[in-house]
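Noted in TrEMBL for the protein shown:
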type	residues	note
TRANSMEM	B:12-31	transmembrane segment
DOMAIN	B:94-291	domain 'ABC transmembrane type-1'
TRANSMEM	B:98-119	transmembrane segment
TRANSMEM	B:131-156	transmembrane segment
TRANSMEM	B:168-188	transmembrane segment
TRANSMEM	B:230-255	transmembrane segment
TRANSMEM	B:275-298	transmembrane segment
Amino acid sequence: MSFISIQGLTVAFDGTQVLHGIDLEIGRGEALGLVGESGCGKSVTWLAALGLLPGKARVGGSVKIDGEELIGASRTQVERVRGKRIAMIFQDPSSSLNPVHRVGRQIMESLTLHRGLKGQAAKAEAIRLMDLVGIPSAATRIDLYPHEFSGGQCQRVMIAMALAGEPDLLIADEPTTALDATIQAQILDLLSQIRAETGMAMVLISHDLGAVSAVCDRAAVMYAGRIVEMNDTAALFSAPRHPYTRGLFDAIPEIDGDRGRLKPIHGTVPDPRALPQGCAFAPRCGSADTRCHTRSPEPQAGREGGLLACFHPVAWAVPLMTSPQGIPA
Amino acid sequence: MPKFILAKLARAFLTIMMVMTFAFIVLRLSGDPAQVLLGPDAPLDAVIAFRERWGLNDPIWKQYLAYLTQIMRLDFGVSMRSQTPAINLVLERVPATLALTIPALILKLGIGIPAGVYAALHRGSLADRGVIMLSIFGFTIPSFVLGLVLVLIFAVSLTWLPSGGQDTYWHAVLPIITLSIGGIGILARFSRSAMIEVLGQPYIRTAMSKGLPWRDVVWKHALPNAAVPIVTLVGFMVGALIAGAVVVESIFAWPGVGRLIVISVANRDLAVVQALLLVIAASMVIANLLVDVAYGLLDPRLRSKRAAH
Ligand SMILES: Nc1ncnc2c1ncn2[C@@H]1O[C@H](COP(=O)(O)OP(=O)(O)OP(=O)(O)O)[C@@H](O)[C@H]1O
Ligand SMILES: [Mg+2]
């Protein structure tokens, strides 16, 4: 049985539906990449699963962890899952740390809560974690406040805090956006290493397709509150079937590529308040026909495994000519 | 002592000096102090003696310096009416006023803040709407109306409590209630919005995502942040401890500083008015200093901003 199982997850804010039924299973120790343009619902999916959305959000569907339902569960039930079973690294690191508490205290809080560490033991472990995520001179900086750290360092403090509870599943929401390329690689490496040691599962939410392909076993592509394609990373990256997935890959600039090859997806993500009829991607899609504009394609098992929600997938036989940077074709 | 505290003290001192200078200028502009203080019908020799006594024939800068030196010695001269030193007259009245304003402040804090926080934590509930309605009522009703209504109900109709004077503890009840209602309303309203603002911050979501019990999220993460704006408002209330009861003291014939302000202004007892000004300015400045110290304790960002100066 999968560790976490999401079925038909829906979220609406003030009557505007932003998630339209997400189905997702993640096994123990598995790493799943979640990609898609800004606003497609990547963060909201996991905030909803953990009950962290503001009160005005209406959440439907089911999220089960080891068979235990989280949606509609009591506060104490959800609190037992947070941090211990599922930890989350948030997108905006600087404002996600409490400005009036020392970073060490914020890390130790998790250590006390989940591992019963107190006093010197907690402090030593907090320093070790800060060291681990690459914060220089952790032993002295443990007593500093968040505003005394750079955005990238705050992000690393967030990561240390999430790792403190030794969670079974780590949701890393853009964990490396505030970091430069070398640190980014170090952090991804660190996460992979920890996963190898502890068997922690991970969801990597990222705009960086290279990072997803390097770290994740499977990847799901979201568009306008739906998963439109999901497959093993290797299969998905070598032969994307959904025109949107294909478009995402084509839009990646390549270091050695000439400039003319960059092909952005035309148009913009639809406003959740005014979704087009039928397939939400149809207005931007080259191969859309009348059916696409009237009916929404259901996700179906594809020929090559995985899931696909498209009436006119990109031909399977045609291999991707230009593989994304850093990914073996 | 940290440099910023010294800087604050210097600024506080300057503020008080500016207030007193302002008082000096106004006094001089409003006419010959001898005439003003002694009245238009004063005999000429009295006026001359007064001028001699207070150095009014000296050049103005010399008079100003003399005036400042007097202030430092807390010597404002003698009240026209009671012939006692003005500053004593003022300081004598302070305990009576504090006997009303300190219990009122405690009520404001003790009821206003918990009510506001509770409302924020149960946003949209019946209790929340109740708190909003009562607080609007609290800070819109003028204190003289509230005082009179309370007197009519509890002193005149029910005769449970006295309507004025200072003879027993019971005499303080109605003035204290009248004083505190408005502040309770304002604090409840303000604490509620400060708390709602903080609860929507990303770091609260982080605290929840750790698995902290809700109680700890509120006490350890939300309240310390909400305290920063609330302290500002409390600072204003502390600053008004001495001069904030003018209306209520008048309604209830309570012999405090507020009554003294009314009486000495009406009588043009300028020595007393000046002494009052100093005491009131000093109390506000001290409240300001306390707020600054509290900010530093509550918010590390402000602390390091100061250290950088
Ligand atoms: N608190 C909120 N109130 C109202 N709408 C919200 C709220 N949070 C998210 N939304 C909306 O939900 C949709 C999905 O947002 P979400 O944050 O999940 O996007 P995302 O895929 O994580 O994007 P990004 O890559 O920019 O982080 C967006 O249309 C967003 O405007
Ligand atoms: Mg997001």
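From the backbone N, Cα and C atoms, a Cβ is placed for every residue, glycine too.
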Problem set entry | Intrachain neighbours beyond the transmembrane segment (B:275-298), with Cβ under 8 angstroms and 6 or more residues off its ends | 5, 8-9, 12, 15-16, 19-20, 23, 71, 74, 76, 86-87, 89-91, 94, 224, 227-228, 231-232, 234-236, 238-243, 257, 260-261, 264, 306
Exercise. Does the transmembrane segment (B:168-188) reach the transmembrane segment (B:12-31), going by 3 or more CB pairs under 8 Å (6 or more apart in sequence)?
Worked result: no
For this session: Please give the sequence-distant neighbours of the transmembrane segment (B:131-156): residues at least 6 beyond its ends with Cβ less than 8 Å from one of its Cβ atoms.
Result: 112, 115-116, 118-119, 162-164, 174-175, 177-179, 181-182, 184-186, 188-189, 192, 247-248, 251-252
